[in-house]
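Trainee: Got a structure for you, questions after.
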């Protein structure tokens, strides 16, 4: 519809009429109201105004561009001399612009440029003037402040001077007044003396004058005393300042003297010190002493160490060597002692490799035995004969050994071993590691006996007598493991026994670490192991049952036997450990101990009152009821077991828990099972070894040693050991390192073999099942047990469609290497009771890596499960939306068959799919090509209306057919 007035044009533009009136007035079109007529010229002026205001130009309408092409052919000879025809196309392009537009545009541009330059110059001058005014104002302000400060100082000085002058004048006036008063008093006294009687006139004025004179004398004395005190104080202060300066000067001189003495002492040669402390040699002739002390022109004085080394050679007349003093001047042989000091020679001797037939340690002989060194050593060689009989050694060859270590075991040079290996066809280096078979062949080739050492077995390194066969067996405290279902009160029971509050500090109120404590009771010491009750911590409970003597099975009286209770019973029975049942929470109203007993009897735990061997003790961790009876039963079981262990022997134990502390390094909680573990011992725990640098008890207090059944926390291992590894004390750190490295290599081989098998298995499964979604994860936990439990729990979530892939799992904080690994593998990092450092957080933000922190295992498992649910392919469901009956069929050229239909049920949508039914049999399933009502395309047709429909790629439509219209919806799935 054409717009004739302002209101209609505004409705067409979908904008308020008031705004359109403002734009028209700005464009120079005078329209007062919405009903004013609007012509095409007015619209054109409005359009030009809007284009100019938005920066558009109408240059495209005022210029014409012509392009002309011209094609020609040229002939040119190629490299072979043949003529070739080449098509050449020439393009010419010309643009024609109206002159008035060009001139107007140029003038406008020049004017605009001039205006801009003038405006910029004006702004620059205004800015300079403003800056200059600010600078002048600032300088004037500073000048005013300086003048005010000087005036204030001058006023203060004048005020002080005036006050001092007024004080002086007041003092003079007081003194003059006192003198005038004294003179008047004397005159009055004299006049009174003349009038009155002589005796009385003389006595009274005399008293008054005496009092005045005494008062004046006292004032003068006080002034003199004050002046004297001020003078003494000033003199005292000056003396004190002079004394302090003198003290500072003396200290400086003393420090300089001390520094000078230290420099002189450090610059003093060492040989003078050695010579001063050398004991006298009475057996030496005095002449030799004088010669050595003074020296000669050809032989300077030797240091004390070198002279002492030269004396034994001087006592051997059979050597035949000429004296150094008698050597000719032209002899170029290097004399001992002319260029090296004694301590340098000793160091050279120590560095040399001692071999048979060379007692000098290789000193003063180059690595090439040249002719220059032969004459010097011929006589010394005659004094020592190498053994002619070969020495056959028994060499214990471990699983792996380096070339240098093998040569050291045979007491030969490493180069000899390398030569033998080269003859055998192998090029090796001094640090290359050989396997056991190759090393044994080399040993036999060199004429020694090779024995295979079983270094992986720690018992082979210790003599049976040292292990404890002769050590005295002494009674040891029992190790008691507290087991049961989650939230049955295991930690609370231990807290009441230990008088501690561990359960209150647990995240989520559940135990997620295995804890070790020892408690002193009136009847002895008892060591407790607290295990988690959650189903994920199966391995922790198994370790606790392995290291224990007695199991306390905690069962809640109001809950009964639960799955983890049954698991704890199976662990205890597998280890052959006696069970003491503690029925907890008997203080609750809903407690039913009899039902608990019946359920435990069904699991094979029979109470003593029923004829079994398991004592049942009802307890309450809240009120403390039955705790003493429980401890009594535990100690009674320990007495029956007669637990003993050697004390004076190397310690053996088991790793209860291990973690990586940021400040302490690898930390392991060890339960000593036999012997005594002391600080400084060399321990081996699985693939980790080291010397015990620090040892703490369960309360964090340092301890020097730990006996049997005592849990301690040790530091100083090379890496984090595995929870459950055996700990043994070895006498030699080198052997411990050798065993640990061998175990690492074997563990690495087994791990690689498992990975290869897993890869092959997963590849075959993927080929059989198709595409499988993977959720890569990197898990970092605070302790080994938590990491192990979390990995197992997450791996159990894997299904046939979505699998959890543990890229890496370790103990400790989240580092930059973990973030880089996550970037490469596109994994999510899970931190369980750990945090990422600043560099790792920054790198994760830069690379978009998701880091999740958890302190409760439930939360971690639930969130990973939700993430896996989101990765599942959605389920597709068909929803029938309507039914259509074909009433008439039309054949349309170039279109196909069109069905005239009636919607009998539901609704038909343009985007729906269609299923064609003929006699209730599906003959086609496809999509709608068009949906029309009369001549218009529509999006949907509801029930009771007619419509026209055509199907894609299907024209076999017959009257009476039915169309079933349906939609496919996707429904999210969950695990």
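Each residue, glycine too, has its Cβ placed from N, Cα and C.
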Trainee: What range among 584-587, 588-591, 592-595, 596-599 does Swiss-Prot describe as region 'G4'?
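Mentor: Of 584-587, 588-591, 592-595, 596-599, Swiss-Prot gives region 'G4' for 584-587.
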Trainee: Do you know which of 499-503, 504-508, 509-513 Swiss-Prot annotates as region 'G2'?
Mentor: 509-513
Trainee: Given the ranges 526-529, 530-533, 534-537, 538-541, which one is assigned the annotation region 'G3' in Swiss-Prot?
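Mentor: Based on what Swiss-Prot states, region 'G3' spans 530-533.
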Trainee: Quick test of your reading of Swiss-Prot: among 476-483, 484-491, 516-523, 548-555, where does it put region 'G1'?
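Mentor: Checking Swiss-Prot against the ranges 476-483, 484-491, 516-523, 548-555, the region 'G1' one is 484-491.
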Trainee: Summarise the region 'G1' (484-491) by DSSP state, stating how many residues are helix, strand and coil.
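Mentor: Helix/strand/coil tally for the region 'G1' (484-491): 2 helix, 1 strand, 5 coil.
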Trainee: Suppose you look only at the region 'G1' (484-491); what would the mean pLDDT be?
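Mentor: Its mean pLDDT is 78.
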Trainee: Rank the binding-site residues 487, 490 by the number of other Cβ atoms within 10 Å of each Cβ, and give the residue at the low end.
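Mentor: Minimum Cβ neighbour count within 10 Å, taken over the binding-site residues 487, 490, occurs at 487.
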Trainee: According to DSSP, folded down to helix, strand and coil, what is residue 531 (GTP binding site)?
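Mentor: The residue in question, residue 531 (GTP binding site), is coil (DSSP, three-state).
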